[in-house]
Amino acid sequence: MIIWLAELLQPHFSFFRLFEYLSFRAIASILTALCLSLWMGPRLIERLQMLQIGQVVRNDGPESHFSKRGTPTMGGVMILAAIIITVLMWADLSNPYVWAVLVVLAGYGAVGFVDDYRKVVRKNTDGLIARWKYFWQSAIALVVAFALYAHGHDTAATQLVVPFFKDVMPQLGLLYIVLTYFVIVGTSNAVNLTDGLDGLAIMPTVMVAAGFAVIAWATGNVNFASYLHIPYIPYTSELVVVCTAIVGAGLGFLWFNTYPAQVFMGDVGSLALGGALGVIAVLVRQELVLVIMGGVFVMETLSVILQVGSYKLRGQRIFRMAPIHHHYELKGWPEPRVIVRFWIISMVLVLVGLATLKVR
């Protein structure tokens, strides 16, 4: 929105040329989203407390979690609001990739909101029925996948980029739709599984978003894309503003979500943020790098799959409890230790993911 205003006023006031620079808008994006989150946080928490919208805690979970019962949840609303407002302010709204991320963010946020609402307001512990949750997740992902394929099929935008191999970039064809679907839905649910401790999900999300901001900038710059042997996709440069908005909103939320948490993001936040990271990975053609940078999310998801599979096949559990962060809690690790160590792992994996751009 502001970039349109700048283009209108630039002939009369040269100062407005500043608003057209991507670097300036990226910095403005992170600061705007951060300030919005910090401003909305206390007001939202107070409102959630008044409405008695508190966290539901499993009776079979770690005993340390019983004290979290009643802590305000659905705080993801402020994350999404901060991101959407910031993107509408600072991004180029003529860019279709920006709208692709916003559609997934808002759509998955709506699914998560209904799920949270049924759990904490209607007191239905099951929330949104699983098949309906996956139906709407799938529907949104497929709509976006088909739209993106129609927009960029048989171009660099539908190639598969394989880390460490600069000459391996096969054209996916219709498999692009399948890959896009699984990346968006899979990442959404992976972040949702990770969101079990104070600040555990939001900080890796911030780190991965920061990593994708760098990748989006390189992918959208013809010189750097050529130098790094990655596809040049012009529209991706504007995703830098989207990624920095996620970083700013996430850091603002962490101010209130850090241990001991004053608010939880709920499914409205985790499903939406995961879906957004998934579609960004697709747009910058780095789905495989997402597996590396989002290694904490992958680890949490695999722990659940292995736990369920082992119990059904052998009648035995591999972990004391899944997702794996609960396993370490039950081993006696204090919650802050689990959280910070997972943050460290995430930071290292994001750096490794960024290194794959050069190591080819």
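Any Cβ shown, glycine's included, is placed from N, Cα and C.
Note that the structure is a prediction, hence the values are computed from the model and not measured.
Taken from Swiss-Prot as is:
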TRANSMEM  21-41  transmembrane segment
TRANSMEM  73-93  transmembrane segment
TRANSMEM  94-114  transmembrane segment
TRANSMEM  132-152  transmembrane segment
TRANSMEM  168-188  transmembrane segment
TRANSMEM  199-219  transmembrane segment
TRANSMEM  239-259  transmembrane segment
TRANSMEM  263-283  transmembrane segment
TRANSMEM  288-308  transmembrane segment
TRANSMEM  338-358  transmembrane segment
Paired segments the transmembrane segment (94-114) and the transmembrane segment (338-358) in contact, 3+ CB pairs under 8 A: no
Annotated stretches the transmembrane segment (132-152) and the transmembrane segment (21-41) touching (3 or more Cβ pairs under 8 Å): no
Recorded stretches the transmembrane segment (263-283) and the transmembrane segment (199-219) touching, at least 3 CB pairs under 8 Å: yes
CB contact flag for the transmembrane segment (288-308) and the transmembrane segment (168-188), at least three pairs under 8 A: yes
Non-local residues, at least 6 beyond the ends, that sit with Cβ under 8 Å of the transmembrane segment (168-188): 104, 108, 134, 137-138, 140-142, 144-146, 148-149, 153-154, 158-162, 231, 270-272, 274-275, 277-279, 281-282, 287, 290, 294, 297, 301
